[in-house]
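Participant: Features from TrEMBL:
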{"type": "DOMAIN", "residues": "30-127", "note": "domain 'CSC1/OSCA1-like N-terminal transmembrane'"}
{"type": "DOMAIN", "residues": "163-326", "note": "domain 'CSC1/OSCA1-like cytosolic'"}
{"type": "DOMAIN", "residues": "337-607", "note": "domain 'CSC1/OSCA1-like 7TM region'"}
{"type": "TRANSMEM", "residues": "61-81", "note": "transmembrane segment"}
{"type": "TRANSMEM", "residues": "107-126", "note": "transmembrane segment"}
{"type": "TRANSMEM", "residues": "334-358", "note": "transmembrane segment"}
{"type": "TRANSMEM", "residues": "378-401", "note": "transmembrane segment"}
{"type": "TRANSMEM", "residues": "422-449", "note": "transmembrane segment"}
{"type": "TRANSMEM", "residues": "469-496", "note": "transmembrane segment"}
{"type": "TRANSMEM", "residues": "517-539", "note": "transmembrane segment"}
{"type": "TRANSMEM", "residues": "545-560", "note": "transmembrane segment"}
{"type": "TRANSMEM", "residues": "581-601", "note": "transmembrane segment"}
{"type": "TRANSMEM", "residues": "607-632", "note": "transmembrane segment"}
Amino acid sequence: MPTTSSRSFIGLTFWRNILTSPKSPQVVPNLTQFLFFFRDDEIRDKCGADAVHYLSFQRHIIGLLVAIGVLSVGIVLPVNFSGDLLENNPYSFGRTTIANLNSGNNLLWLHTSFAFLYLLLTVYSMRRHTSKMRYKEDDLVRILEILLVLQESNNPLWASFFFCREAYANCTVLEARPCYDVARLMFLDAERKKAERGKNYFTNLQTKENTPSMINPKPCGHLCCCAIKGCEEVEAIEYYTRLEEKLKEDYKKEKEKVNEKPLGMAFVTFHNEAITAIILKDFNACKCQGCKCRGEPKSSSCSESLHVSNWAVSYAPDPQNIYWEHLSIRGFFWWFRCLIINVVLFILLFFLTTPAIIITTMDKFNVTKPVEYLNNPIITQFFPTLLLWCFSALLPTIVYYSAFFEAHWTRSGENRTTMHKCYTFLIFMVLLLPSLGLSSLDVFFRWLFDKNCFCLCFPRCVFLPDNGAFFVNYVIASAFIGNAMDLLRIPGLLMYMIRLCLARSAAERRNVKRHQAYEFQFGAAYAWMMCVFTVVMTYSITCPIIVPFGLMYMLLKHLVDRYNLYYAYLPAKLDKKIHSGAVNQVVAAPILCLFWLLFFSTVRTGFLALTSMFTFVVLVITIVICLCHVCFGHFKYLSAHNYKSLSMCSLEGAVLRLLTGQERKAVMG
């Protein structure tokens with residue numbers, strides 16, 4: 001089994017080894033054995049529990065698509081073929097769609113019934129998935145994260161000890177660790193370690209070759225081959241020695257200042273899990289007092305002086321899940337920064353929602369005109385498609401990095417925000433706007449609120465007979481091209497090349513090669529996968545031929561992700577919320593399918609038709625149940641989350657494992 005330092009090279013050299021090794025025929029059985037016979041326990045030991053939950057989620061989606069594929073291709077597709085509304089042409093794609101049926105055909109009832117059946121199958125599949133999302137009892141802890149609103153002179157240990165001892169009987173505070181602003185301290189420590197590795201590298205090199213090494217200490221200095229003013233070479237060992245001493249001195253000074261920069265929060269450890277749950281419940285029980293709603297914890301003699309009513313209490317995340325350098329970004333500054341980032345993002349995507357509108361805007365400025373002058377049919381036809389694909393990948397990347405620059409406290413929060421934002425944007429870009437024949441959110445809102453625009457656009461652009469062909473092609477491209485790009489990991493390779501180019505010496509290039517692997521981005525992966533699944537589910541009845549290609553996409557996606565998770569990415573430690581959020585997005589897919597049937601029935605037969613009214617009633621009931629469950633916690637027995645199984649593990653999901661002593665010392669006072 002490869003180590004962490006060597007696993008980063010495997011992804012880039014795997015296919016090269018297959019092609020160049022004289023024993024390459026023996027590699028294929030091993031690859032086949034890995035793809036089909038590796039157990040979840042082996043993946044959990046290597047990649048973590050989150051990878052197992054992610055792959056289990058994919059397997060349940062595959063099973064769901066198998067059931068839906070049998071029904072859609074075996075029943076709905078022949079029903080659509082039985083219609084005679086469109087021309088009797090064997091090459092006509094429209095004959096496979098619901099548009100081939102007459103508006104008065106009683107078989108339209110079958111489509112609405114199947115849409116509701118797909119919703120039930122989706123909920124059942126997700127309940128089976130969530131029932132298996134359990135954590136081991138070894139991960140139970142007794143740590144609360146408390147945001148303290150205290151005076152600087154107050155000590156978190158003193159505060160938590162005296163308050164909890166008086167307010168809660170039989171409560172023992174074992175430890176209270178205050179948090180400080182260690183962002184710069186962590187940065188200096190990382191840079192010092194890099195300088196130390198560089199010094200050791202050139203020291204060993206000089207010992208072997210008995211000649212000093214010269215380097216250019218500028219970015220891209222390793223590639224620079226000309227000696228000009230300002231880029232003079234220096235002796236490597238001397239340079240890294242001076243740099244290390246300077247960083248050590250800065251680190252020492254910063255460490256002395258850390259105690260003067262408290263963050264007003266602490267991690268408090270109690271003697272058992274039961275009292276931890278009681279304290280958390282008291283602080284988070286919402287009680288209305290006039291215009292304010294806040295928790296009312298038990299009082300003590302020091303509650304007023306400690307401002308206990310202003311404490312914010314939650315279970316402590318796993319240490320590996322926390323961005324310790326981001327803890328100093330909080331309060332008004334964090335919200336203001338988040339607001340600015342999202343406002344800029346919204347303005348950008350409001351007018352450039354789809355790649356097609358970007359291509360159209362570029363054509364207005366004759367950007368692609370020089371390519372047309374080449375008179376090469378291959379280039380002139382391929383270049384616009386290449387631009388379209390590039391912008392299709394670029395726009396969601398912008399959404400992803402917006403969540404990164406928001407500086408979330410935990411990796412789970414960052415991945416969860418990425419998942420929701422990317423999924424929402426992709427649904428607009430890939431599904432909603434193309435289905436309505438629109439090109440951007442600007443045109444969408446004009447179509448939504450402008451009556452004249454509504455009358456002109458809606459009847460002509462929605463549910464054209466060949467409209468589903470675009471989405472079938474999209475799913476096919478995602479299955480073969482998208483999964484191939486995931487396997488090649490082109491963005492990671494480009495970033496790796498850029499970091500190599502920016503290296504100042506051979507030591508830094510070696511450091512880049514050893515640390516080029518990064519954690520799997522579950523948020524972005526869930527968003528892309530759920531986008532394709534939503535497209536497949538939405539058109540599974542109106543265009544049932546899309547389902548087999550959706551199943552092909554999920555099968556290839558599962559195999560590619562198994563390989564990447566095991567060989568190419570570092571283990572990630574997240575929480576259950578991101579996996580639960582993905583389950584909610586799955587349930588949104590059959591609801592959109594009901595919306596599509598309602599829109600189609602309304603356009604073809606009118607809103608007062610029986611099929612339209614039945615679809616509308618089913619859709620309203622479904623939405624009401626979902627809203628009541630999400631907002632108020634009702635209808636848990638109808639939820640896609642298996643609360644019966646999770647209730648046995650409620651304490652497991654509520655608390656996290658203890659911080660190790662080394663992790664505490666690294667980030668806390």
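A Cβ is built for glycine as well, from the same backbone N, Cα and C atoms used for every other residue.
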Participant: Just give the helix, strand and coil counts over the domain 'CSC1/OSCA1-like N-terminal transmembrane' (30-127), going by DSSP.
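Facilitator: So the counts come to 76 helix, 0 strand, 22 coil.
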Participant: With an 8 Å cut-off on Cβ pairs and a sequence gap of 6 or more, do the transmembrane segment (61-81) and the transmembrane segment (607-632) reach 3 or more such pairs?
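Facilitator: Since fewer than 3 Cβ pairs under 8 Å link them, the transmembrane segment (61-81) and the transmembrane segment (607-632) do not come into contact.
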Participant: What parts of the chain pack near the transmembrane segment (581-601), using Cβ distances under 8 Å and only residues at least 6 beyond its ends?
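Facilitator: That would be 57, 61, 98, 108, 111-112, 115-116, 118-119, 122-123, 126, 129-130, 416, 419-420, 423, 431, 435, 462-463, 526, 530, 533-534, 536-542, 609, 611-612, 615-616, 618-619, 622-623, 626, 630, 640-641.
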Participant: Honestly, do the transmembrane segment (469-496) and the transmembrane segment (545-560) touch, with at least three Cβ pairs under 8 Å and pairs 6 or more apart in sequence?
Facilitator: yes
Participant: Mind checking which residues reach the transmembrane segment (517-539)? Cβ under 8 Å, same chain, six or more beyond either end.
Facilitator: 4, 7-8, 11, 47, 50-51, 54, 58, 61, 65, 68, 118, 122, 396, 400, 403, 411, 414-423, 426-427, 430-431, 468, 471, 474-475, 478, 482, 492, 546-547, 549-550, 553-554, 557, 561, 564-565, 568-572, 574, 578, 581-582, 585-586, 588-590, 592-593, 596
Participant: Excluding the flanking five residues on each side, which residues at least 6 beyond the ends of the transmembrane segment (545-560) place their CB within less than 8 Å of a CB in that stretch?
Facilitator: 35, 55, 58-59, 61-62, 65-66, 68-69, 72-73, 77, 96, 468, 471-472, 475-476, 478-480, 482-483, 486-487, 529, 532-533, 535-537, 539
Participant: Express the predicted model's confidence over the domain 'CSC1/OSCA1-like 7TM region' (337-607) as a mean pLDDT, rounded to an integer.
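Facilitator: Per the prediction, mean pLDDT sits at 78 for the domain 'CSC1/OSCA1-like 7TM region' (337-607).
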